[in-house]
Amino acid sequence: MKIALFGRLFNESFTDSFKLMFDEFAKHNVEVDIYEPFYDFLIREINFKPPVNGYYKGCDDLNKDVDFVFSIGGDGTFLEAVTIVRDAGIPIVGINSGRLGFMADIAQDEIPQALSDIFEGNYTIEERSLLQLETSKNGLFPEFNYALNEFTVHKTDTASMITIHTYLNNEYLNSYWADGLIIATPTGSTAYSLSVGGPILIPNTQNFIISPISPHNLTVRPIVVPNYHEITLKVEGRSDSYLASLDSRSCTFDSSIELKIKKSDFKIRVLKLRTHSFYGTLRNKLMWGVDKRN
C-alpha cells in the first residue's frame, strides 16, 4: 500500500497517536509520502523524523498512484487536502487530531482499529460533490476554483448591507438585502450554512442550498435548489469591494464581476469506516436531536 500524508500542525497531545500510526505503517510495509511543510513541522516542533518514501509540496508533485491521502488535523485541514487531491480520484482519510472533526471523523482513540480496518479493506468510499465558481472576468481563484463546502459572498469594510441579485438558469430568483449569501453543497450543509439557519442535506443528494446571512427582510429564508441549475450572482452596494470565499480561501472583487456557481464535473472520494454513519455523526458531533427523553 502507498499513502500520502497531509497536515499542517497538531497539539503535542496527539504525538503518541501519530507515532503509533507510523508503527502500524511499518508493520504493514506501507510506503509513505509526506507533505514537505508538514514534515518540517514534525522535525522542528515534535522532534520526530518519520521514515518516509518521498515528499511533495502540492498538487503537481503529489504521486497520483497512492492509494489514500491521510489528512491529519481537523476539518480545515481536510478542506486543504481537497485542494491537493483535486480531480485525481484518490480517497481522503480524515484523521482528527484536534476538536470536533466532522469530515475528519476518525478520532484519536479510534486510530488503531481504523488502520486495521483500512488494511483489511473494511471500509466504504463516499463520493462528495463540489461546486465550481466561474467569473465574467479576472478569474478570482485561478489555482483552484472549486469548493467542497460552500461559496460565500460577504460585505467587507462597511456596516451597510449589500444587495445580491440571484438568478437560477438565468431566471430571476431574488435580490437579497443582507450581509452576504452562502451557496452550500450537501457536505457544506452542516457547516457555515447551518449556522445561519440552513437545512441539513444528506451527503449524496443532488442539491445546493442558498442561505442569506443576516437578511434585512424576514420573509427571506434558505432555499434548496437542484445542483444541475447554474446560479448567477450580481452584487452591488456602497463599498467598492466585496469578499468572496471558497471554503477557507478568500479574495476580494468588485461589482463589475458576475459570479456563476455550478456543480463540478468531478467528485471528491472520502473513506468512511463501516462503524460510522452520517446520522450517527449528526447525533454525536452536532448533538442533533439530543433530548433527555430519548
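Note that Cβ sites are derived from N, Cα and C of the backbone, with glycine treated the same way.
What TrEMBL lists as active site, proton acceptor is ASP75. When secondary structure is read from DSSP and collapsed to three states, ASP75 (active site, proton acceptor) falls in the helix class. Other C-beta atoms found within 10 angstroms of the C-beta of ASP75 (active site, proton acceptor) number 24, with every protein chain shown included.
What TrEMBL lists as NAD(+) binding site is ASP75, GLY76, ASN149, GLU150, ASP179, THR190, ALA191, TYR192, SER193, LEU194, SER195.
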Discussion item. Distance check, please: Cα of ASP75 (active site, proton acceptor) against Cα of SER193 (NAD(+) binding site), rounded to an integer number of angstrom.
Written reply: 15
Discussion item. Give me the count of other Cβ atoms within 10 A of the Cβ belonging to ALA191 (NAD(+) binding site).
Written reply: 20
Worksheet, complete the sentence: Counting every protein chain shown, other Cβ atoms within 10 Å of the Cβ of ASP179 (NAD(+) binding site) number 18
Worksheet item: Does DSSP give ASN149 (NAD(+) binding site) helix, strand or coil?
Response: coil
